[in-house]
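**Student:** What follows is a structure written as structure tokens; I'll ask about it next.
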Amino acid sequence: ACTVMVSRYDPKTKKIHHYPVTACLVPICSLHGAAVTTVEGVGSIKTRIHPVQERLAKCHGTQCGFCSPGMVMSIYTLLRNHPEPTPEQITEALGGNLCRCTGYRPIVESGKTFCAVSNDKKYFFNSCTSLSISEVPFVFCFVEMCTKLYNEDEFQPFDPTQEPIFPPELIRMAEDPNKRRLTFRGKRTTWITPVNLNDLLELKTSFPEAPIIMGNTAVGPSIKFRDEFHPVFISPLGLQELYFVDSTDDGVTIGAGYSLAQLNDALHFIVSEQPKEKTKTYHALLKHLRTLAGAQIRNMATLGGHVVSRPNYSDLNPILAAGNATINLISKEGKRQIPLDGRFLEKSPEANLKSEETVLSVYIPHSTQWHFVSGLRIAQRQENAFAIVNAGMSVKFEDGTDTIKELQMFYGSVGPTVVSASKTCQQLIGRKWNDQMLSDACRLVLDEIYIPPDAEGGMVEYRRTLIISLLFKFYLKVRRGLNKMVRTTSLGLWFVSALEDFPIETPQGIQMFQCVDPHQPPQDPVGHPVMHQSAIKHTTGEAVFVDDMPPISQELFLAVVTSTRAHAKIILIDTSAALALPGVVDVITAEDVPGDNSYQGEIFYAQNEVICVGQIVCTVAADTYAHAKEAAKKVRIVYEDLEPRIITIEQALEHNSFLSAEKKIEQGDVEQAFKYVDQIIEGKVHVEGQEHFYMETQTILAIPQEEDKEMVCTYVTLGTYLFQEYVAAALNIPRNRIACHTKRAGGAFGGKVSKPALLGAVSAVAAKKTGRPIRFILERGDDMLITAGRHPLLGKYKIGFMNNGVIKAADIEYYINGGCSPDESELVMEFMVLRSENAYYIPNFRCRGRPCKTNLPSNTAFRGFGFPQGIVVGEAYITAVASQCDLTPEQVKEINMYKRTSRTAHKQTFNPEPLRRCWKECLEKSSFSARKLAAEEFNKKNYWKKRGLAAVPMKFTVGMPTAFYNQAAALVHIYLDGSVLVSHSGCELGQGLHTKMIQVASRELNIPESYIHLSETNTTTVSNATFTAGSMGADINGKAVQNACQILKARLEPVIRKNPRGTWEWGKCLFFSLLTSLLRGYQTNMDWKKGEGNAFPYFVYGASCSEVEVDCLTGAHKLLRTDIFMDAAFSINPAVDIGQIEGAFVQGMGFYTIEELKYSPEGVLYSRGPDDYKIPTVTEIPEEFNVTLVHSQNPIAIYSSKGLGEAGMFLGSSVLFAIYDAMAAARRERGLTKTFTLSSPATPELIRMTCVDQFTDMVRLVRRAPC
């Protein structure tokens, strides 16, 4: 979201260079002479919006809007350099951006509208007879279907000649022949920009310890996260002597000032000019440059900085070392060269730079005919992620032979530095390049490179396996090259697939939905793909989030002090050092809470005891956040550890530690049924947790009022009533004194239901004590630590079934890690148990579940509310049954799926016809059977890569089992000018709730949407609102708005009858008209004593099919295609609903594959930011992504619609089970057991170590202690 465009003039080339950067990493002093363009500078609703902003909005590429400015700036910067980009350039430009809402597909599509030729095929047809099955992937008869969510004719033309000019004054500055040294002096630091190379060398002599700052990608994070301090910075940014490319017959020398993006361009040019045999090192570098970080960082980080910082995870340094690169250094004493080799990368003292030296350039020699160079890597996701293990390898042969003359292997991320396997290489000199050499090399390198069991980052066996797996890939690549040059044994087809990395493709797909009835009045927006109400404001950066609100007089900032122990007694809290620092106003502790410090089991400030790492012990209020944060570090807390310390579910079961009583549903006689089945299987399933990773962290502005103990709070939440309730409890005042305002949230996904309430109480107590406004914004690391996320699950099953695949009995147990306090854990478990059967009828079924109490931060609500975890257990035992019966999982699903109107295990009647339809269409229109056969054929021919397909059905629920949660309220004003103001109890989180409410009001009042305004959610206008969750926001609030509008319309009837030909100005005849509508909503009930009830108002059905390809050597996977069929009934807004489905699917796909939370045995969260926790990027989404909204009836909901905000989350599990299908194929080929333990997420580590082979066996055999 913080991407901006920096523009600089190059006096040498006389050209202007535009490039994207991450604003939060760019020092202000480094921008002297540069032009900076922000999203507000691109276009504004106050003047004129830019085509990039318009198309991102109209293509529905924005939901919450928090990431939208970054998306705009990335595409805009690309267009400034390439007015007609390729789809591949669009995808690459977006690679450094994260979005948690949309699923990326519409963002990419908005960018592709600028491409000269679009690869996407868009279809529009009015009936199933318009196109044949061969022309379109899937067609529903009897319903008119559309595939256009936007109209390109509405786009304003893009004219690249109309962009703002580069400031002439900056050109004059750049060409000034009399430039002088530039110095900025602050209170603690000095920034110096030298005027030329000699000046730089003088400065390095005077300040030898001063870091050289170019891109600030290494020093900046060290200052922020490791508290490094430097009194002097030297920045030669723009120094011409550091920016050059010098090509000779032997190699190329590249200036140290070149950014990695400029390095990429230079290497592409060199590759195009030189014969292939000379460019092997350059090709290896280019491959890694494509996925290294994102475009923003590649434009900031420099070659010289990357080389000398020598990070242990470097993707480039191992390749440069393997390619025999040399570093050219310069100082006042002169020039010298040092080899970029193992000694340098391992930071040997004799190979280090002298303190007064700086890097002038890097020389990379050409490769030769008998010289092979490769770069290899594997990361948690394909791009913008540190490598789990990477390598640079090279081998040189005696001319005309396969005899090794020189061999080099360098590995990253296997130790504190890049490691050279020099001893191994030395022992292999003179050997033939054959299988025996490979076997010996693997053994030797495992013996040489030791990763201790407690190594940072863990995954020891996996990383050791990767060391030799990557070596094997290199071996095969060289073998293939040698085959073209000398007579050696050719590679079999089985091995060829191991050679190629997964390509990065631009995603495409089709979105299908029911067309609007042609007889519907043109003014009626219901059913149309209407753009999000705030979309244009999102894309111009003018949508106001809490942190955008201007400072308030006497405002203070709050910083938290959190527990560092999982379970301990507080002996002492010493705040004296913190209070002595400048700007600090107060330190707030439990003693300062005027009301309840513990409310409904939630503790605001720890008192006497801490029960998890990350629990808030106290907060510091200061005049700036920097002062508050610095003071928070000075608070000294003395602990005394307590027992037991319970971290895992297994430990909780051992100590009988639970948060609530068991929940159970049961039908039939399970124990009796087990006696009459052919087979019984038992198993366990682990499903790990998930971080919400909303783009906008928890943010609260609490303003104490001077009268009547009032408190005004502006914040981001899903539940205003809960926030109000907690603040009132903490302050010991009535709720009517607390005014709560929520305009929009930058994503939530369940993480802003209960957590803002607790944090609101914390901030309100601080505001109360200081008497001043409090601005409380959690940094990402603190947010992840304090607020936790989705509940990890341990599922146990015992299944009785017949040999034909019919399941007769199931006994399921769920245990979730609830953390240290109740939060939503009991309710999550209720949902998990009630939904446990999913789409399958099992006549004898029992499910029991309990939330465990542990010493972790309390887990909370998350999109899907237990369903995405719990149903994995069901799909796992379906898969296990299929394996035992020699059937496919899809056959077992079909056999056991509900087929007629039935009662669920909790005795609720439903009709599964829409479920059956979604399932049938999914299998047929995705060509599942044909593609399954094709995958099997692919697997026969490829030993190291496997494809897998899986289809999953879904019976999801909407609403809550408790009736009073299913209510909403609305307030509608008609003003004298005919304009309408709508307020309701729902919160806008990016899900388009306000947009749908405007559509409802427009239809009911029969007026254009432009007449209607919807501002915010506010407890002073609509009170006692339930939370916006359970996929029911549009359902219940829509009914409330509809009810209010209908009553107002009835009031207008007498006026309308008198003037039937009149217009909406009828409203002017009413002096004042408003109505508060409180809707009781859905009537639901659940009797847990009996284990039965009509727990939910209705069900949402769906099915998805995904196909993946897995690299068995590394554990990487590629999602090739996904087809989703979702029962939407009648969609109020297809663009919003499809966006919710796609976004939920991608979030679910991340949950089931790459998103991994890591805790220490002591309960410390390791993954506390984007470096350690990886959500999907644009390269993770399906290459082909098709979504169809299936039409059905749902008379209980407004306009026969359905709530679709969460349902798509579980459909992401089709990727998980497709991966398991691929892994099962690999294991079958290797003669391993048919069934194996299924766990989630299916990370690269899990995939690789499940695909057991000679390399994993070798690692498990070769275990040794360090020398």
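Cβ atoms are placed via backbone N, Cα and C, with glycine included.
Just so you know, TrEMBL annotations never went through curation; they're auto-generated.
Quick paste of what TrEMBL says about this protein:
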BINDING   C2, C24  [2Fe-2S] cluster 1 binding site
BINDING   C64, C67, C99, C101  [2Fe-2S] cluster 2 binding site
DOMAIN    184-369  domain 'FAD-binding PCMH-type'
BINDING   I212, I213, M214, G215, N216, T217, A218, V219, D315, R377  FAD binding site
BINDING   F749, R863, G1030  Mo-molybdopterin binding site
BINDING   F865  substrate binding site
ACT_SITE  E1206  active site, proton acceptor
**Student:** Determine which residues of this chain, when F749, R863, G1030 are set aside, have a Cβ within 8 Å of the centroid of the Mo-molybdopterin site's Cβ atoms, and list them as they appear in the sequence.
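**Tutor:** So the additional residues around the site are A748, G750, A861, F862, G864, F865, A1029, S1031, G1205, E1206, M1209.
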**Student:** Compile a sequence-ordered list of residues in the same chain as F749 (Mo-molybdopterin binding site), six or more apart from it, whose Cβ lies below 8 A from its Cβ; state 'none' when nothing qualifies.
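**Tutor:** For F749 (Mo-molybdopterin binding site), the qualifying residues are R100, H692, Y694, F862, R863, Q1147.
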**Student:** Report the residues of the chain - excluding C64, C67, C99, C101 - with C-beta within 8 Å of the mean position of the site's C-beta atoms, for the recorded [2Fe-2S] cluster 2 site, in sequence order.
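**Tutor:** Checked against the 8 Å cutoff, the neighbours are T62, Q63, G65, F66, S68, R100, T102, M695, G746, G747, G990, G1143.
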**Student:** Consider the binding-site residues C2, C99, F865, G1030 and say which one has the Cα lying nearest the Cα of N216 (FAD binding site).
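**Tutor:** Ranked by Cα distance from N216 (FAD binding site), first place goes to C2.
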**Student:** Could you tell me the mean pLDDT over the domain 'FAD-binding PCMH-type' (184-369), as a whole number?
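**Tutor:** Here the predicted model's pLDDT, averaged over the domain 'FAD-binding PCMH-type' (184-369), is 95.
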**Student:** Measuring Cα to Cα, how many angstrom lie between M214 (FAD binding site) and C67 ([2Fe-2S] cluster 2 binding site)?
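**Tutor:** Distance between the two Cα atoms comes out at 26 Å.
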**Student:** When you rank C24, I212, G1030, E1206 by Cα distance to C64 ([2Fe-2S] cluster 2 binding site), which of the recorded positions ends up on top as the closest?
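**Tutor:** Nearest in space to C64 ([2Fe-2S] cluster 2 binding site), counting only the recorded positions, is E1206.
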**Student:** Highest Cβ count within 10 Å among the binding-site residues C64, C67: which residue is it?
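**Tutor:** Neighbour-count leader: C64.
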**Student:** Which of these recorded positions is closest to C101 ([2Fe-2S] cluster 2 binding site) if you go by CA atoms: A218, F865, E1206?
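**Tutor:** The smallest Cα gap between C101 ([2Fe-2S] cluster 2 binding site) and any of the recorded positions is with E1206.
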**Student:** At the Cα level, what's the spacing in Å between A218 (FAD binding site) and C99 ([2Fe-2S] cluster 2 binding site), rounded?
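**Tutor:** Per the Cα atoms, A218 (FAD binding site) and C99 ([2Fe-2S] cluster 2 binding site) stand 24 Å apart.
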**Student:** Can you tell me which binding-site residues out of C99, I212, F865, G1030 are within 10 A of the residue listed as 'active site, proton acceptor' by Cα, answering none if there aren't any?
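**Tutor:** Neighbours among binding-site residues, in sequence order: F865, G1030.
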**Student:** Around the C-beta of R863 (Mo-molybdopterin binding site), how many further C-beta atoms are within 10 angstroms, looking at every protein chain?
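**Tutor:** So the Cβ neighbour count for R863 (Mo-molybdopterin binding site) comes to 27.
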**Student:** Anything within 10 Å of G1030 (Mo-molybdopterin binding site)? Look among the binding-site residues C2, C24, C67, C99, I212, D315, comparing CA atoms, and list what you find.
**Tutor:** none
**Student:** Could you round the CA separation between D315 (FAD binding site) and C24 ([2Fe-2S] cluster 1 binding site) to a whole angstrom and send it over?
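**Tutor:** That comes out at 24 Å between the alpha carbons.
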**Student:** Are there residues of the same chain, six or more positions away from C24 ([2Fe-2S] cluster 1 binding site), whose CB falls under 8 angstroms from its CB, and which are they?
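**Tutor:** For C24 ([2Fe-2S] cluster 1 binding site), the qualifying residues are C2.
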**Student:** Determine the most Cβ-crowded residue among the binding-site residues C2, C101, I212, M214, A218, using a 10 Å radius around each Cβ and all protein chains in the structure.
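**Tutor:** That would be C101, with the highest Cβ count within 10 Å.
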**Student:** So how many other Cβ atoms are close to the residue listed as 'active site, proton acceptor', meaning within 10 Å of its Cβ?
**Tutor:** 29
**Student:** Can you tell me how far the Cα of C67 ([2Fe-2S] cluster 2 binding site) sits from the Cα of I212 (FAD binding site), in Å?
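**Tutor:** On Cα coordinates alone, these residues lie 31 Å apart.
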**Student:** Tell me the Cβ neighbour count for D315 (FAD binding site), meaning other Cβ atoms within 10 Å of its Cβ, over all protein chains shown.
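**Tutor:** Step by step: centre on the Cβ of D315 (FAD binding site), count other Cβ atoms within 10 Å, giving 27.
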**Student:** Looking only at Cβ atoms, how many others are within 10 Å of the one on G1030 (Mo-molybdopterin binding site)?
**Tutor:** 26
**Student:** So the record assigns I212, I213, M214, G215, N216, T217, A218, V219, D315, R377 to FAD. If I measure every Cα pair among those residues, what is the longest distance in angstrom, as a whole number?
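**Tutor:** Taking every pair among I212, I213, M214, G215, N216, T217, A218, V219, D315, R377, the longest Cα gap is 29 Å.
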